[in-house]
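**Q** Starting off with a structure, shown below.
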Amino acid sequence: MFFLSLIIRNITVVNASGRDEQMDVWMKDGKIAQIAQHIHAQGVDQLEGSGKFLLPGFIDMHIHGSAQMDTMDASDEGLHIHGPITIKEGTTSFLATTMTQSFDWFDRAQRQCGNNFSPKSDEAEVLGLHIEGPFVSKQRAGAQPLDYIVQPDMEVIKKWQALSGQKIKQITLAPEEPNGMAAVQSLSESGVIVSIGHSDATFEQMQEAVQLGASQGTHLYNQMRPFHHRDPGVVGGVLLVDAIKAELIVDFIHMHEGAVEMAYRLKGADGIILITDAMRAKGMPYGEYDLGGQLVHVTESGAHLSNGSLAGSILTMDQAVRNMRQITNCTLEELVKMSSYNAAQQLKLTNKGQLTEGYDADAVIVDEHLLLHQTIKAGRIRVQTNN
């Protein structure tokens, strides 16, 4: 079902700031036109929402691929294969994420992504690029190919920004590397989100990076200097510094439930951003897949390189939301913060992350068990599930 104008009746509208029950929501021309009780309108398609909840569409700030597609493929159809898969899990917007590779490969990916940002009618929207690698630590490389890891270089970043049409919104880097702190400051001043990740920084180096503008931690706990009582490391810095938002991959593989609970208690919902870090095997059968020229084995235990290193995930955003609720018993309002609102704030979006009149009509309808029933993008029902 595809609507140009839609009213959802008698639904509970949930935002980060609270909820309103038994509301009608009128979506028109891609925007939220009105939220009120008993909206009267003629010639408008209607959807009954009794007993269900309307949440802002999920925003995934860290996703490499799905359905055999990867951002680094630099193909014409790549993002247009990816978009229809992510929207099925309630993700209405995302950052296409890269990984460490040769500069030539990066050049192609930046150029191709910059040319393919207009979504088709059944796709999630690409908000921009998240550059993960090559400016990371070889000591914390994980699945990032060692041969292509280099020191942060602002001239290279400026070239990529130009090739992408100024679409780079976030960069993961290791600030302790040579030129790292200068890059943190320069990027932050230019409006790019600096996320500390794949980093062996000390706690003190972490604090310095935050003072220079770093505001996020890439997939907390994974491939970062761990906590020690004499050196809290990057993990300690992400957990303790309020100015840092923590990305979490809540798939029961990348971290223990207790580690998720600890992050929730220390950061609170205001300090957490749920991500998938998904790779091309998402939405595909178990088997062998490629990640940056490396063989990845995908099983029920996750995605791993031959050496055992985790290589992204096959997590979906709706499952991440359910997992977070299961572990922490957090409220729906808190889930909105962690799945959309915080990401929108980080990206300085003034049209997403909230269900408010004038905002984009991007939303999901879920039941009391957080099972997805509909995904709405630009006021149209793009996905209707059998839940």
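Each Cβ is built from the backbone N, Cα and C atoms, and glycine gets one as well.
Not my notes, these are from Swiss-Prot:
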BINDING   HIS62, HIS64, GLU132, ASP277  divalent metal cation 1 binding site
BINDING   GLU132, HIS198, HIS219  divalent metal cation 2 binding site
BINDING   ALA143, GLN144, ASN222, GLN223, ARG230, ASP251, PHE252, ILE253, HIS254, LEU310, ALA311, GLY312  substrate binding site
ACT_SITE  ASP277  active site, proton donor/acceptor
**Q** If H, G and I count as helix, E and B as strand, and all else as coil, what does DSSP give for ASP277 (divalent metal cation 1 binding site)?
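**A** DSSP call for ASP277 (divalent metal cation 1 binding site): coil, neither helix nor strand.
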**Q** For ASP277 (divalent metal cation 1 binding site), which of these binding-site residues sit within 10 Å, Cα to Cα: ALA143, HIS198, HIS219, ASN222, ALA311?
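**A** Within 10 Å Cα-Cα: HIS219, ALA311.
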**Q** Compute the C-alpha separation of PHE252 (substrate binding site) from HIS64 (divalent metal cation 1 binding site), stating it in Å without decimals.
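**A** Pair distance, Cα basis, whole Å: 19 Å.
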**Q** By a 10 A CB contact count over all chains shown, which of the binding-site residues listed here is most packed: ALA143, ALA311?
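**A** Counting every other Cβ within 10 Å of each candidate, the maximum falls on ALA311.
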**Q** Rank aside, I only need the closest one: which of the binding-site residues HIS62, HIS64, GLU132, HIS198 has its C-alpha nearest to that of ASN222 (substrate binding site)?
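**A** Closest candidate to ASN222 (substrate binding site), judged by Cα separation, is HIS198.
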**Q** What is the separation, in Å, between the Cα atoms of ARG230 (substrate binding site) and HIS219 (divalent metal cation 2 binding site)?
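**A** Here the two Cα atoms lie 23 Å apart.
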**Q** DSSP on ALA143 (substrate binding site), three-state: which is it?
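**A** For ALA143 (substrate binding site) - judged by DSSP and reduced to three states - the answer is coil.
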**Q** Binding-site residues HIS62, HIS64, GLU132, HIS254: which have a Cα within 10 Å of HIS198 (divalent metal cation 2 binding site)?
**A** GLU132
